Amino acid sequence: MAAERSLWVVGLCPGSRLGRVVRVLLLLLWFAARGGALYFHIGETEKKCFIEEIPDETMVIGNYRTQLYDKQREEYQPATPGLGMFVEVKDPEDKVILARQYGSEGRFTFTSHTPGEHQICLHSNSTKFSLFAGGMLRVHLDIQVGEHANDYAEIAAKDKLSELQLRVRQLVEQVEQIQKEQNYQRWREERFRQTSESTNQRVLWWSILQTLILVAIGVWQMRHLKSFFEAKKLV
């Protein structure tokens, strides 16, 4: 999850039927892999951040639980209830969209409004508990993006859906999420194109500037040499 998850489809003709089918299949495989669980270690005063690429208008749910290292037992034990976790989420424009204090185990939810890289940061409030300061925490984190964030068992019970109706709803939401992912990939391609054009333009202007500088230096050297020869009465 800390690493960027991206999909680039190359070597296919955009207008061909085979190309469209392969694109959809690859998107389905990539979409099925979205979300995942991991654990990491942090000091109780340390801050750990992750980058998650998220399309716009997409729900994200994160579940976490913390364990505190017991030096006597030399193993991780469930953290005390007083030890909380502060969660902060920033959008690609560095605006804070979630900043909240949770307990030692909890769940946070947010919806993206801008496509791009979202920063998810966690750190404990252990500075309030000098007894635990300097200890080591193990944080188990599970982040689900888009359709994977939905609890379909709860939805089926709440809306009284049959198995077929629930399956249809899942497929509809998967298609909607795939469309969001496709739009996001197109947005990334457009951004990359703009960056490439801007870079090429800067390289061109820099080359022109270098040429003008070389011409100016050459003219100055010629005039300087001419003045030198005239002063020496060599010409």
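In case you wondered, yes, glycine gets a Cβ from its N, Cα and C as well.
Small disclaimer: the values here were computed from a predicted structure and weren't measured.
Swiss-Prot annotations:
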TOPO_DOM  38-201  topological domain 'Lumenal'
CARBOHYD  ASN125  N-linked glycosylation site
COILED    154-184  coiled coil
MOD_RES   LYS160  N6-acetyllysine
TRANSMEM  202-222  transmembrane segment
TOPO_DOM  223-235  topological domain 'Cytoplasmic'
The residue listed as 'N-linked glycosylation site' and LYS160 (N6-acetyllysine), distance between Cα atoms, whole Å: 42
Tertiary contacts of the topological domain 'Cytoplasmic' (223-235), as residues 6+ beyond its ends and Cβ separation under 8 Å: none
Secondary structure content of the topological domain 'Cytoplasmic' (223-235), with strand meaning DSSP E or B: 9 helix, 0 strand, 4 coil
Fewest other Cβ within 10 angstroms of its own Cβ, chosen from the recorded positions ASN125, LYS160: LYS160
